């Protein structure tokens, strides 16, 4: 990574604090293995496959946290240009609009400006991944029965960040020289969610043409 790109993707730009894995835990070892595969330049399609003998929930947990950190970083690089004035609706072009619902303050799907949607989304995900009842960190503590369903919802909503960034802010990513980094992150995400069937295909439609060129 170039010095300029390192400055773009520095820790101060992170939209949220990173969730880390405790050294010595099984999940930390899986995290290291996943990172080593990526850093070695291995085929991303192969890198996302569940390692033999490993628990699928652990593998998904590691990737959900990692994608949360990475996508935070990507949005953090353009968030000053994503304003209520420039992006009054959270959308992916004229055909796709995303409405926020969290069953707390927003009990019905609600149209919001993109930056407000992003803040609510990142807060919501952070609460999930820091909840020991959902993402247990202690050895031997089981995942909840609905763990994969929760992760599917998190990943589906994280995909919407890619949609918004690619369609509305990619010119800014290019100006920063970060295009290759963002594309690699997207390909990794796409191969992972499709390998394990974690996102409904219709949710992937907004970036279908780009994905066909980039990932096939």
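Positions of Cβ are set from backbone N, Cα and C atoms, glycine also.
Given the structure is predicted, the values throughout are model-derived calculations rather than measurements.
According to TrEMBL, the Zn(2+) binding site annotation covers 82, 87, 164, 169.
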Original post:
By a simple count, how many Cβ atoms lie within 10 Å of the Cβ of residue 87 (Zn(2+) binding site), its own Cβ left out?
Top reply: 19
**OP:** For the recorded Zn(2+) site formed by 82, 87, 164, 169, name the remaining residues of the chain with Cβ within 8 Å of the site's Cβ center, in chain order.
**Re:** 78, 81, 86, 114, 115, 118, 165, 168
